[in-house]
Amino acid sequence: MGGLEKKKYERGSATNYITRNKARKKLQLSLADFRRLCILKGIYPHEPKHKKKVNKGSTAARTFYLLKDIKFLLHEPIVNKFRDYKVFVRKLRKAYGKSEWNTVERLKDNKPIYKLDHIIKERYPSFIDALRDLDDALSMCFLFSTFPRTGKCHVQTIQLCRRLTVEFLNYIIASRALRKVFLSIKGIYYQAEVLGQPIVWITPYAFSHNHPTDVDYRVMATFTEFYTTLLGFVNFRLYQTLNLQYPPKLERPKDQESKDQDEEAYAMDSESSLEKLSALSASLARVVVPVTEEEEQMDEFPVDGENAEQEEGLRKEREAQEKHKKLFEGLKFFLNREVPREALAFIIRSFGGEVSWDKSLCIGATFEEKEPSITHQIVDRPLPPVPIIGRCYVQPQWVFDSVNARLRLPVEDYFPGVLLPPHLSPFVIEKEGDYVPPEKLKLLALQRGETPGKEAESESEEEEEEEEEEEGEEEEDGEGGDDQEEEEEEEGSEKEEEAKLKVMEAQRTQTKKPQVTMGTLDKRRQLPQEEENEAKRLAIMTMRKREKYLYDKIMFGKRRKVREANKLAQKRKAHDEALKAEKKQQKKARRA
Amino acid sequence: MAGGGAAKRDAGDSGFLGFRSVSVDPGAARRRKRGPRNKKRGWRRLAEEPLGKEVDTFLEDVRLQERTAGGLIAETPDENLFFVDTGHKEKDLKINQDLKKAWTDRVLESQSKVPSPKKSSLQLREGESLAGSPRGSMGLDSSPRQLPVRLLVIEGIRLHTLISFFFPFLQRPQRLQTKPSQAPAVEVIPSGGSYNPSFQDHQALLREAHEVELQRQKVEEKLSRQLAFPTVDKAPTQESEFKELCEGLLEESDGETPAEPEGEGEADSQTQRPPGPEKKTEQQRRREKEARKLKAQQAAERAAKKRHQEVFQLRGIRLQVARRLAELARRRERRRLKRLAEDEKPRRLGRLKYQAPDIDVQLSTELADLEEPEGSILRDRFKSFQRRNMIEPRERARFKRKYKVKLVEKRSFREFP
């Protein structure tokens, strides 16, 4: 027969992929160098859809890269730098072996270095692309900046990471970009909004920890190398958008001479600027003094029927955000020694507050403990014997919870020595029908503007103030009020709680959109509801078989959710009751 | 050169006036004059004409004067051509010498008006300058490199950026702009991982960790169960072993009898088989052919009728088509959702499978203080890179001790010469 025979594995997906070892040989690099190159350039291995075809009939698990990607890598100029470095290492080793110290010095002076600027410009053509990858970069830099400087890691990398992270934190403070905080057992999660992009990163706690052995350290170091370069570029650009000087300088107030002497005690001159910057307590110097313009009014579009709601919603959101940014404005905080200083200083300053700490702790303390204008003092130990009147003593969790709740929570729950309410995660958004813990419900109520009234009055007026009573009962300070009052409250609120739970259940099963509000047993509202239910039952009866089947399925799913939510609510009730019983016993013991 | 050639020929002749020793052939001269005028020859002839030659010699003279005497002699001032001779030796010396320049310099300076050719800057190599190195080629550059404006010294990386601007195939391909996985970069720990969690959330997280542990324990138990040595009561006894060995052997007698009657039945039926197909007759062939034709005709008629009827069934057909399209669309949708779900899962990239990290949770007893952070963020980040298909899962390279093979020959086998 004429023509060329078609052989297997000569075209198609078999020729589009290349194994890792073949790619390495094509590039003439060692495995470590190849890995480093792939990480820096952002070339990742691919899993082909039909592994057998690509592997030419065998099913051995191999790592495949796209052939076009490897061909693209061939044109990369830093590949030559890698080879130069290999040669340099060989020469250095020889010189060391022969004890030719002059050669060693000369070689070390001419060590080949490479820069990653062109790779970053190529990988992130626009600034927004770089912001999208900032999550990873920030987490790695924060992680490396907390490493101990033992020499296992390059000390320059650790210092560089520290400097970059401090610059970024200062930017967030200056632009009031922080939105959410979550303290977890792993570390602290922050969410900020930079130029419209939400960025989430994790900061480890300052305590040192053992290094895990199953982590490939060189790979992480390569990632960090790339991310430090990226973060440097991003910092520069961000500072430009705010007209701040980069590299950052602190704003110098008029009287600086006296302070300079004190600062010598904290750090060397060369490092003092970085240390002051990392204290996060002073504001940054600007390039151009900003001319205070009037606030620009947002454009008002003619209200359309459909968009009216959307527009309203957006406008409200914007206002709420503006309010959120000024949460701690006008307040002065003083941090005690035992609280986590960096995290609190960062958060307080990001929302407009002023913060200071004891002089002997760290550089950058702006005012002393005895200042009369301090509004809040953050403590974690029991109260000092002589509390200064005019300032609130709170535990650090008040700051975090206020930030997440977007308003200044009542301080009574956070007094020193009080059992704190749980610290909920702001990253969890509950859907309809899911179980909402009562703490969250309380928070939502607070956000909607219902102020928590105090215990005594609410007994008589049941319906409208049910929520406040709940709060009054939950708050239960150790200091506590009248015993009788408390008992009465407890009984009353128990009944109310049961009623509430029942209504919640009923609401969830019947209404199509169950709202997360406390139910009200209002007789005025029962008639129209009953009418609605009747109409619904009629509609269900007149459905076709097919539709009814679907409807049953949906309702089954919904009911199951509701059942689970109720189970959890019951559990919670049991737990609360157990607590109450304990407290009762304690009080009885005290009385007796 | 035409002028030079002509000069050679006319050596000794008064060629200027046209008297030559060579006999002039008037016919030849006329022919030469009449020759083609627009070719090279025509121009060459012009140069050999008396006027052309005159012009040529004049220009040569001018060039000679410029080269040697520094300009036309007719234009030089008197002082450069003549010297004053008063008869007095000392007076003459004083008048005529040029005190400004030293004699050696005057001797060495060139008098020609024609400037020497200079190297253009484009011809320079890297590191050279138009001024040249001050101490010649062996000396070091005393001053930093002079970069004239037209010189472009491009090193590797800038060259690469420049080139990739002009050659689009060297730019980063579009497919690399997408991330390898849609999973978020930093996954926040669920609410039960808070340092002061609510009761429910903490219980939920503990339950999850508990489930994972249960699974692991189950797997271990299964393995140990399968590999366990049988206990005394389950161990095989002699009788059971014998029984096992005898299985299948005792059923032979029952097997034989049912086989025999079947064989006889077959033999009978063999004799009574009807006669095989005989040759078909013509009639039969004709009939079969007609039957086939009729069948085909009927089938064609039926098909035509059906097609006619389909016009009236349009609505039904449309419904059928719509249903089929809807089915295909549903399947496409399901496949797309499946692919999206796959996007967030970790891919199998190498020999090892991705192992999800343990859930970080602190027991209720450990929740009291913030002192001991759980888990390591370094490991968390490493696993996150693996989950997002950025690096392949790897295990630590184990140190395998390889002993050198020592070859020893037995004494009894040693050969003695």
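Quick reminder: no glycine exception, Cβ is built from N, Cα and C everywhere.
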Check your understanding: Of the ranges A:253-273, A:295-315, which one does TrEMBL list as region 'Disordered'?
Key -> A:295-315
Revision key, fill the gap. When TrEMBL is consulted, the range among A:93-117, A:543-567, A:568-592 described as region 'Disordered' turns out to be A:568-592
Point to revise | Residues of the domain 'BRCT' (A:323-416) by DSSP state, where helix covers H, G and I | key: 26 helix, 14 strand, 54 coil
Revision key, fill the gap. Helix, strand and coil residue totals from DSSP for the compositional bias 'Basic and acidic residues' (A:574-584) stand at 11 helix, 0 strand, 0 coil
Check your understanding: What is the average pLDDT across the domain 'BRCT' (A:323-416)?
Key -> 87
